[in-house]
Amino acid sequence: MNGRQTIKQAVVPYHTILLVEDDIRLSALVVEYLQKNALKVETEFRGDTAVQRIIALQPDLVVLDLMLPGLDGFEVCKQVRSEYSGPILMLTAKDEDIDQVVGLEIGADDYVIKPAQPRLLLARIRALLRRSSTEVANKKTHQQQLDFGTLKIIHSSRSVLLHNDPIELTTIEFDLLWFLALHAGEVLSRDKISEALSGTEYDGLDRSIDIRISRLRKLLHDNSSKPKGIKTVRGKGYLFVAEGWSQSTPCRSGDD
């Protein structure tokens with residue numbers, strides 16, 4: 001042995017998919033494949049129970065089979081659309097235009113004909129997630145205030161409140177926090193952060209982003225040893241966690 005060890009780091013999933021499919025064997029295969037590709041997958045096997053599950057879970061995306069016991073996919077889609085705004089990818093075993101047209105007209109965002117190749121299904125899912133993230137970000141960009149429980153970020157006055165106490169930030173610190181918060185739930189690479197804040201590419205050596213993240217954690221009392229609000233995703237970047245500010249923000253000690 002050469003004394004070296006290769007450590008394979010687990011990829012943490014940041015998108016939740018609800019798969020509504022009554023074929024248990026097929027469902028298991030799809031779940032296994034998607035989870036290997038960094039997606040968290042919940043399952044439901046009946047249409048009549050899927051409606052409340054979708055509304056309660058509010059997943060990032062729903063993969064919805066057309067032929068389901070209890071309630072077909074068309075009816076499920078119609079019933080949830082008023083309370084669920086995420087993308088719906090419909091699975092149909094029928095290569096018929098009418099099914100595809102009806103699905104799109106009642107609120108489905110895309111469809112895949114079964115049996116679908118796993119790579120094709122994954123590609124469609126990723127495309128819908130990208131589009132959905134862009135739409136959410138565009139909507140948030142026009143907001144003047146972002147609320148995360150104990151943390152409020154007010155763009156019009158460029159002010160930040162934590163437990164209703166004002167937090168003094170520099171211009172670049174505010175811009176960084178606003179950008180992270182706009183993309184809550186999304187892992188942001190240093191490349192993306194650098195491009196957004198300064199319009200330049202990250203050179204792989206500059207530590208200014210890391211230093212500013214560390215300072216933000218201090219100012220927002222987010223314990224750097226176990227941060228709950230702004231997390232480091234090793235080898236990937238940073239993640240702003242909306243739920244991290246929902247109740248009590250982490251302790252004021254132990255920050256770097």
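Each Cβ is built from the backbone N, Cα and C atoms, and glycine gets one as well.
Annotated features in TrEMBL:
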{"type": "DNA_BIND", "residues": "143-242", "note": "DNA-binding region"}
{"type": "DOMAIN", "residues": "16-129", "note": "domain 'Response regulatory'"}
{"type": "DOMAIN", "residues": "143-242", "note": "domain 'OmpR/PhoB-type'"}
{"type": "MOD_RES", "residues": "ASP65", "note": "4-aspartylphosphate"}
In this predicted model, the DNA-binding region (143-242) has a mean pLDDT of 88
Chain-internal residues, separated by at least six, CB under 8 A from the residue listed as '4-aspartylphosphate': VAL20, GLU21, ASP22, ASP23, GLY73, MET90, LEU91, THR92, LYS114
